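Below is one structure, written out as structure tokens, with a few remarks after it.
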Amino acid sequence: MSIVRMTDLDLSGKRVLIRQDLNVPIENGRITSEQRITASLPTLKRALEQGAAVMVTSHLGRPKEGVWSEADSLAPVAQRLSELLGREVPLVRDWVDGVEVQPGQLVLLENCRMNVGEGKDDEALSKKYAALCDVFVMDAFGTAHRAQASTHGVIRFAPVAAGGPLLMAELDALAQALDAPAKPLLAIVAGSKVSTKLELLANLVGKVDQLIVGGGIANTFIAAAGYNVGKSLYEPDLLDTAKKIVADAKARGADIPLPVDVVTAKQFMPDAVAEVKAVDAVAEDDLILDIGPQTAAQYAQLIDKAGTVVWNGPVGVFEFEAFSKGTEALARAIASSRAFSIAGGGDTLAAVDKFDIAQQVSYISTGGGAFLEFLEGKTLPAVAALDARGA
């Protein structure tokens, strides 16, 4: 990729517009998780230290275009940024037609999704954004899969368009995991439905050495192998698809190891009685809610031998203590592995937090949908636009 990096630019005296992802959860005016705000600080500080006139914008929630609403205002974010940076961070409400900002100053521009034309990647709005700055910096990987005015259109028209440190760290980590991985490459893909991860599975099966499936996805593969899954969540209409994915893997020498034992219950309840069963001993009224200890040990061995691990999704109902052991075993294996590891997806990050392994994972992707689309082999609009500008 030939993307211009913000870290390679001299921003002194330049007007710099930075698109961040500051879409944080807010309840009753209070920010309940500020991870995205703290993640943005090094980018903002770097621009300020170089003497740039810094404008920052982000989306928050899903406001109606053309209508200001307090519930979707970035006001709490501006206040928290000012506390973290130790300087006043004014919030500018009407900013599309011009912004007053001096070198060494930082202003936060109100929720860009309130601007008419943002969602449709309107060209006129994109040009107005571009006219605000000398340099546009795209640093919001989490929205890189959306072709909108602040994530795509402005890149086409800004005098200079660059990738910010957060975005580039994400792209560098994903490239290391998928484009030139240390072998063997092992992926863990889990979730409730094969249908939501079909493209991901189809793309990864052409790259990986081992593909571990978990959750409802694993149940569909177990059923496709001819085993009874009882009352478990699975997709009977995708059994042939699962068989094809297994055949495609085998054809290129890759492996999709199936569970040899599972943890079952009679009801989907936190206090349900957990019972370990061989995969061929599942009863008609059983629910499969986790992988069994023997399977977890086998998978942990594969992780230990891997050169690269990509993790998307917990392998059991880890929110229920009795059905969290499989996910915990894999999390601990990843934490102690020498492999380059990348973890992403909301439930995966919750598992990383629950088992306190964040420091042992090489890279944690906060990209959500963008992370998934990249794993699916799709071109992200923001990345493609930055690449075109850097060529």
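Just so it is clear, glycine is given a Cβ too, placed from its N, Cα and C backbone atoms.
These features come from Swiss-Prot:
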type	residues	note
BINDING	Asp21, Leu22, Asn23, Arg36, His59, Leu60, Gly61, Arg62, Arg113, Arg146	substrate binding site
BINDING	Lys197, Glu319, Gly345, Gly346, Asp347, Thr348	ATP binding site
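For the recorded site, Glu319 (ATP binding site), the DSSP three-state label reads coil. Taking Cβ-Cβ distances under 8 Å and a sequence separation of 6 or more, the neighbours of Asp21 (substrate binding site) in its chain are Arg36, Ser40, Ser58, His59, Asp139, Ala140, Phe141, Gly142, Thr143, Thr366. In space, Asn23 is the closest of the binding-site residues Asn23, Gly61, Arg113 to Gly346 (ATP binding site), judged by Cα positions. Between Glu319 (ATP binding site) and Asn23 (substrate binding site), the C-alpha separation comes to 25 Å.
The secondary structure of Gly345 (ATP binding site), as reduced to three states from DSSP, is coil rather than helix or strand. If you measure from the Cα atom of Arg113 (substrate binding site) to that of Thr348 (ATP binding site), you get 28 Å. Across the structure, Gly345 (ATP binding site) and Asn23 (substrate binding site) place their CA atoms 16 angstrom apart. Each of the binding-site residues Gly61, Gly345, Gly346 was scored by the number of other CB atoms within 10 Å of its CB, and the largest score is that of Gly345.
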